[in-house]
Amino acid sequence: SPAAIQLTALLLPTGRSRGAIISQYYNRTAQLRRRNSRPPLQQLCRTARPSLRQYDLETDPARARLEEKRSLLVKEMLSLSPSKCSRMLLHMPLSLAEKRMFWQELSRQRGTLRQRTEHRTSSSSSLCGWSKDYIILVSLGAGSALQLWGCWNKLQPWLLSWTLSPQGCWSLWYRLLSQLPTMQPWHYALKQIGGRFGSSVLSYFLFLKTLLMFNVLFFFLLLFVVVPQAVYPPASANPQPFTGLELLTGAGYFTNSLLYYGYYRNVTLNEPCASSPNSSTGPLAAPSLPYNMPLAYLFSIGASFLITCILLVYSMHCSLRESYCLGSSVKNLAVKVFCTWDFKVMQRRSVKLQSENICTQLKELLAERRSRLTPLSPWHTVVLFLAWFISLGTVLVCVLAVHHFSEHMDMQQQEAILLALPFVVSLLNVLMPYLYNLLAMWERQESPVVQVYVSVSRHLILKMVILGLLCYQWLSRRVVCSTEKCWETCVGQELYRFVVLDFIFTLLDMLFRELVWRLILEKRLKRKQRPEFDIARNVLELIYGQTLTWLGVFFAPLLPAVQVLKLLLLFYIKKTSLMQNCQSPSKPWQACHMNTVFITLLCFPSFLGAVIFLCYTIWSMQPSETCGPFQGLETIHNSGQTWMQVLEKCNPNITWFIWVYQHLVENPLLPLFMTLFLL
């Protein structure tokens, strides 16, 4: 053939010409393909096919000559390097099946040769290595030594070949790199959700995974504050008995524990010259660098918030670039059709999952292309205006109800009513979305994306306004507390109760809205229909819970750990409920921009509000007189200079750290710099 002749000129003539062998092999295979002596399978009955499969295989002389030429070609290719061999197979005028067969034969024979080489190498090992093995055998005893000897004989050739051949090292490295995506948390679960319900529902679980990462970042508090205080516990009063109600109220047994601000003391742990354990300003001369607990408390929280801020901005940048700049859905249809399938997938379950995923993505792209913006009619404009007027009016009513209820609760001091205000707020957060769903049905938005954005906006306004009112009351010290000594602990207990009751109401809402409603539809109404997954509502619940955690991390250092446990339970419970009780969206739509919107809402209304709340607490609020690491000080911020003086006297080598603190932390232009950084 012409291709074989061209290939002959490119190959080096070692022994017999490889090009001639390839040419003869290709010509012979072409002749065998044109043979018509064997009848086609369609013309035979089903019972004749087993005998047909063994038709003339042993007695065909042409096949024997073809096998001989093939073995000769394989022997010639064994003398080449793997890279040259792959290039040679690439230019061969053969089918893919024949090339694959050649490559398998080459790999098999190379493996046999490598095993022989390894056997010769291992048999010629040094006397020192043999004597070391013998000493190990004698010292460990007969039974265990025989087991170790067998394992060593199995592992020694593999380790020797791995260390001697760089190709083995690189192949192992590439295999590890290829397995990295599958080692991510919930890899298969996320693929399963995306393939069955689409990218819109998948965006919720991806956002939950992102929140879990942000809460893990607060390990600085655990490492530098909680662990040292647990190692050196303060001499406190007798703890209260544990009754079980503390898991809901956060009071009682948990009041004097590592969970809250009031447990931590203003002591220096390794200060040998301290005259008083309760004094944060000991003598200004100390022989060693002390570990100041108030300084560690403040800087750990500041470092955690700073790293979270950087990661939030970076996540917004990456998501914005992928969804708005690179994720144009108009041009991705041909890419989805021709370039999406992963040919490395071999298992039947993975193949089915990938096919479902691609089918769902194609539906989303087609639905997005079909949707066109239509001009609004005057009646539709009036309906939208009335819907927004009703939603904002209900927000105002809810805020006034929470304000009057909290004012009434200030007059009560019983511990049994500590759950009243969190109960009312959580109940409003659960019931008001049903009103917003009725308004959405009345509006009849054509685009499901616009409908989700409107729902997110209404939920966000309700939750953020209520949280703003609660923050004002907490900073005004209008909080129902089981103890009057430490208002920071009272705020931490209040935020703990909000987090716990929010989780309980989320589970109850999921139980009645998904499971019970599915049973009613299937058993009573006899409909083949299931409820849909409410993306806006579930995402705003995540943002609300994360905002509570950021607000309370200063008053309850272990609150991020509670949030991590809550998110883990939510993922598995929500996934199980989604698979069993929900159906895919009735209108497929691509949520390419949803992750960007969620991260933006998490950054600016949620994180920025928590940072403002924390900065106001540090710069303006006076800490408690009898508890906490900042007791006896005017403000938390003004105590930094005193600590810097103590550190400078203890160790003059850290003057650079004092300079950084004075010019960065105490700089009056710090809020301006932070605003520019966020922008």
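Cβ atoms are placed via backbone N, Cα and C, with glycine included.
Model confidence over the domain 'TMC' (486-591) is summarised by a mean pLDDT of 89. Positions annotated as domain 'TMC' by TrEMBL: 486-591.
Tertiary neighbourhood of the transmembrane segment (201-227): same-chain residues 185-186, 189-190, 193-194, 258, 264, 293, 296-297, 299-301, 303-304, 307-308, 311-312, 315, 533, 535, 538-539, 542, 546, 549, 553, 557-558, 560-561, 563-564, 567-568, 570-571, 574-575, 578, 584-585, 591, 594-595, 598-599, 602, selected by CB-CB distance under 8 Å and a gap of 6+ residues from either end. According to TrEMBL, the feature transmembrane segment maps to 201-227 (among others).
Look at TrEMBL and you will find 247-264 (among others) tagged as transmembrane segment.
Here TrEMBL flags 295-314 (among others) as transmembrane segment.
The transmembrane segment annotation in TrEMBL covers 382-405 (among others).
According to TrEMBL, the transmembrane segment annotation covers 417-436 (among others).
The feature transmembrane segment is assigned by TrEMBL to 456-475 (among others). Sequence-remote contacts of a segment are chain residues at least 6 beyond its ends whose Cβ falls under 8 Å from one of its Cβ atoms, and for the transmembrane segment (456-475) they are 391-392, 394-395, 398-399, 402-403, 406, 425, 428-429, 432-433, 436, 439, 491, 494, 536-537, 539-540, 543-544, 547-548, 551, 597, 601, 605, 609, 613, 616-617, 621.
Taken from TrEMBL, the feature transmembrane segment covers 495-512 (among others).
Residues 186, 205, 208-209, 211-212, 215-216, 218, 221-222, 225-226, 258-261, 264, 297, 301, 304-305, 467, 471, 488-489, 491-493, 495-496, 498-500, 502-503, 506-507, 510, 542, 606-607, 610-611, 613-614, 617 of the same chain lie 6 or more positions beyond the ends of the transmembrane segment (548-573) yet place their CB under 8 Å from a CB of it. If you look up TrEMBL, you'll see 548-573 (among others) marked as transmembrane segment.
Annotated transmembrane segment per TrEMBL: 594-619 (among others), in sequence order.
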Take the transmembrane segment (417-436) and find every residue of the same chain, 6 or more past its ends, with a Cβ under 8 Å from one of its Cβ atoms.
248-249, 251, 390-391, 394, 398, 401-402, 405-406, 409, 455, 458-459, 462-463, 466, 470, 480, 482, 493-494, 497-498, 500-502, 504-505, 508-509, 534, 537, 541, 544
Listed stretch, out of 247-264, 295-314, 594-619, that has the most CB pairs under 8 angstroms to the transmembrane segment (495-512):
247-264
Under 8 Å between C-beta atoms and at least six residues away from its ends: which parts of the chain pack against the transmembrane segment (594-619)?
199-200, 203, 206-207, 210-211, 298, 301, 305, 308-309, 312-313, 315-316, 319-320, 323-324, 452-453, 456, 460, 464, 467-468, 471, 475, 535, 539, 543, 546-547, 550-551, 554, 635-637, 671, 678
